[in-house]
Protein chains: 2
Amino acid sequence: MGTDLRSVVETVGSLSTSDHKSVVSITLFVTLLCACIVIGHLLEESRWINESITALIIGLGTGVVILLLSGGKNTHLFVFSEDLFFIYLLPPIIFNAGFQVKKKQFFRNFATIMMFGAIGTLVSFTIISLGAIAIFDEMDLGLEIGDYLAIGAIFAATDSVCTLQVLCQDETPLLYSLVFGEGVVNDATSVVLFNAIQDFDLTRINSTIALQLIGNFIYLFISSTVLGVFLGLLSAYIIKKLYFGRHSTDREVAIMMLMAYLSYMSAELFYLSGILTVFFCGIVMSHYTWHNVTQNSRVTTKHTFATMSFVAETFIFLYVGIDTLDIEKWRVVSDSPRTSVEVSAILLGLILVGRAAFVFPLSFLSNFNKSPREKIDFKQQITIWWAGLMRGAVSMALAYNQFTRAGHTQLRGNAIMITSTITVVLFSTVVCGLITKPLVRFLMPSSKELNRSLSSEPVTPKSFSVPLLASQDSDSELFNGTGQASGANGDQVPAVHPIGLRMLLTTPTRTVHYYWRKFDDAFMRPVFGGRGFVPYVPGSPTEQSLHQWPAEEVKD
Amino acid sequence: MGTDLRSVVETVGSLSTSDHKSVVSITLFVTLLCACIVIGHLLEESRWINESITALIIGLGTGVVILLLSGGKNTHLFVFSEDLFFIYLLPPIIFNAGFQVKKKQFFRNFATIMMFGAIGTLVSFTIISLGAIAIFDEMDLGLEIGDYLAIGAIFAATDSVCTLQVLCQDETPLLYSLVFGEGVVNDATSVVLFNAIQDFDLTRINSTIALQLIGNFIYLFISSTVLGVFLGLLSAYIIKKLYFGRHSTDREVAIMMLMAYLSYMSAELFYLSGILTVFFCGIVMSHYTWHNVTQNSRVTTKHTFATMSFVAETFIFLYVGIDTLDIEKWRVVSDSPRTSVEVSAILLGLILVGRAAFVFPLSFLSNFNKSPREKIDFKQQITIWWAGLMRGAVSMALAYNQFTRAGHTQLRGNAIMITSTITVVLFSTVVCGLITKPLVRFLMPSSKELNRSLSSEPVTPKSFSVPLLASQDSDSELFNGTGQASGANGDQVPAVHPIGLRMLLTTPTRTVHYYWRKFDDAFMRPVFGGRGFVPYVPGSPTEQSLHQWPAEEVKD
């Protein structure tokens, strides 16, 4: 403990050096972030470009400028620090994902999401790893078995931000929650996989080690989730009991942020998966804690979390863009450009295959015994497949973790893997990203129109879409199937709506959901707060702004 | 530029190391911060304790625990990094100060505030420096002329947070704005002074160098202010022109935060005073930018800035508390404990004298030619004097900057100065801090009662206090003297209220204020937005929550 803390604090001390140089770099990054936001806003209406691509291109441009200013000599300019990423940038993104997720949709499709996110990622991982072993071993890159498994984990990590920016949560709730949920579970799974691989001596694989690996994986999954739920509930309990808002809104906001971050860091402290922990902490906080604070704190936390996530995401793409122009790693591979291109192409191919190998079979499985309304149709399957083709910051971070030591890429094999990762990330983000908007709009034509009208007129989407959907469904399907539309007051419905025999017979998840609701109302909410146990405010974090808008507008 | 950037980025990369240790330290700090918030909340009603003292004591306790765990051997545990402080912690505190300041009061008392903040700090600096030269030179501590001047700047930096927590902005607006304004200007002045001293070769002081020093000081002051105003106006213009809120609240919030931070960093980039820049940027942003964003963004930014400032402040005191228990620096002075105590006592004495030497004379000057209502009475003078006795994080940071190289304190003189600074900070914060609440309540008895009733009933303080104050004043004094009460709609008053002859004759500042308002309405607001040029919302950042509360409550 003592020695730990000692160096620990030296680390904190080294968070910044007394140089003027850190000032230059921070100023540069903040300026570029502002530029990304402004330009991203101006390109909002664009048919092709999205925020990530904007940030990547600005980053690339900056990299070129720096390269030119340094006369092409200055190698190793920007180092992608995977710890900067995992300690500061990833937590707000994942927490916000949990905080803003539509819980009802998420848990209704929980089985499918877990299937895609966990099993799918494992399938993808296996195919990419096996493919890498089969093909790269021929090419004599000097990689070991651990490297191949790491490659599988690295390229199993998807980045579905691009697609989510185009999909409309209110229009295609099932699809949205599948893509979104899969993205989060996939992040967690691939990071957990990656860590599980690093912890084991993989030179001698046998069935015991394989079983241990699986056991380790399951242990990480469950204990991380439990820790996140526990800390979320703790924050709800503390805020409900102490009622900070009586004295200060700022204390409430501060404790919510700090507890959220604490959940991530404490998971890392116990060598668990911070991503899973902070995600479930976010869900619990939005279900209980968020309802226990004052109105102003609700607005503040909701938007602050979203803003931090947004800035972190932009920062990552900017960083990746600038880092791409680091000469050193390109110089190592410059004597064998063909190999590098080949490796990138093979990886892209493996990604395509690895993803197709689970999306279509698992969709088929998932469609089994479902009502036509809940089935994933072929166009949606293609969208899901496409949504997971992009590779992003998680892949970059894992690749740097595996293939660099202190930012340097001396070994030829390592250098090739780093440059290939960059190529895959750039290619998939820019090229696939550019095609995403047109493709999704081609596959779901109505999505775009409604999406547009909603985002430009955020005043009455709820009141507009609820009756619309209600009229086209039967009574019980309104309750079960259109939760996304009645989500705002859906939590109150079960109390007045009798549970039908038909419902019990359909799928078990619904029954679980029903009993959970009863348990929640009877035991959890009285202790931890939540909607209905504090002064009533319509809307959850996700719906809040929609509900609030009209009232605010009128008030003004 | 090239080389600069190179190391720059390595600095960014070194923001975190891949060790598990940084995880331990961050978890520890976040946990302690949560503890500070909870305990601070529980002690809210306490007569003696305040937030800073809570954080200091928790920090000290943690330091003791670490010391015991390491068996008393582990020296140099926690290093106070002045760059962590100046780059990450100070900017949000100062920006929030500018953002939440009651502009009307601040600018009405601008002359007095500048007198106290700038001239007063210079007087204090001179007395402490001269005293240090006279006394410490006898004691043979091995300090040079630059060190003595630095000591003057270090101990001229006050920390008035304690007092501000007790004073009530609505009850004693003049006193509050003086203490608050002086605190900010004092911070800026002492840091600017400190930097100005470090930039010069002080072994040979002559009149040319002294003049250069003064010129440098004035240049820093003016250019920093101009930069802050410029960036604030730029943010207002961008947000007004582009209207981010159309698409996304998060973009608005993000750009406001980033521009605020950019103002600080760009000032540091040009070797100006970031504190002054970010303070004026905060003022401009609350006057223009804040009114150009959506309602949700207003609530979010207001509370987020306040929360960040609050967390940063708590963190600093926690850090100082833990750092106090670093053995190494105590070991160096352990052979001469008497000297260390003597130095601390002398410094405390110099602080008392140095402050008294300008508060009372300058108050007398300021009372000249003022109406009785605007005079600073003797009790208020004592409060102002007392408010500036505490020394805090700025002193610590400057002392570390001057007397440590890379965190080590090898030279005996340096070690003594560091330990004495810690002693002075601890003593003044804890002892003076404990007395502050009782003292202020003794000096201004009504303050406490109203303050209490206001903070526990935040629903209608404005509507309650406005008629109260209005009835006891003449008509013109309502307009001029009780700006704090009518502040919410005061900006609209001049348009309907004729400017009286009497007002023109009283003090020039008012006339300046009147013409500024005319200029603002005619030229500035149409370009940069601001209240009245966007959909009307009652209240400025400071009053917003009060006004919003009832409406929100009713709505729910």
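Including glycine, each Cβ sits where the backbone N, Cα and C put it.
What TrEMBL lists as transmembrane segment is A:23-43, A:55-72, A:84-101, A:113-136, A:148-167, A:174-197, A:217-239, A:260-285, A:305-322, A:343-364, A:384-403, A:415-436. Residues or ranges marked as domain 'Cation/H+ exchanger transmembrane' by TrEMBL: A:34-441.
Comparison of A:55-72, A:148-167, A:217-239 by number of C-beta pairs under 8 angstroms to the transmembrane segment (A:384-403) places A:148-167 first.
Using the rule of three or more Cβ pairs under 8 Å, pairs at least 6 apart in sequence, the transmembrane segment (A:343-364) is in contact with the transmembrane segment (A:148-167). In this chain, the transmembrane segment (A:174-197) touches the transmembrane segment (A:113-136); three or more CB pairs sit within less than 8 A of each other, excluding pairs fewer than 6 residues apart. Here the transmembrane segment (A:260-285) has Cβ contacts under 8 Å with residues 86-87, 90-91, 94-101, 103, 106, 184, 187-188, 191-192, 195, 220-221, 223-225, 227-229, 231-233, 235-236, 305 of the same chain, all six or more residues outside its ends.
Long-range contacts of the transmembrane segment (A:217-239) within the same chain: residues 118, 188, 192-193, 195-196, 252, 255-256, 259-260, 262-263, 266-267, 270, 272-285, 288-289, 292-293, 527-530, each at least 6 residues beyond the stretch ends and with a Cβ under 8 Å from a Cβ of the stretch. Highest Cβ contact count with the transmembrane segment (A:84-101) among the listed stretches A:55-72, A:148-167, A:174-197, A:415-436 falls to A:174-197 (criterion: pairs under 8 Å).
Residues 94, 97-98, 101-102, 105-106, 108-110, 112-114, 116-118, 120-122, 125, 146, 149-150, 152-154, 156-161, 163-164, 167-168, 213, 216-217, 220-221, 224, 271, 273, 275-276, 279, 374, 376, 380, 383-384, 387-388, 394, 398, 401-402, 444 of the same chain lie 6 or more positions beyond the ends of the transmembrane segment (A:174-197) yet place their CB under 8 Å from a CB of it.
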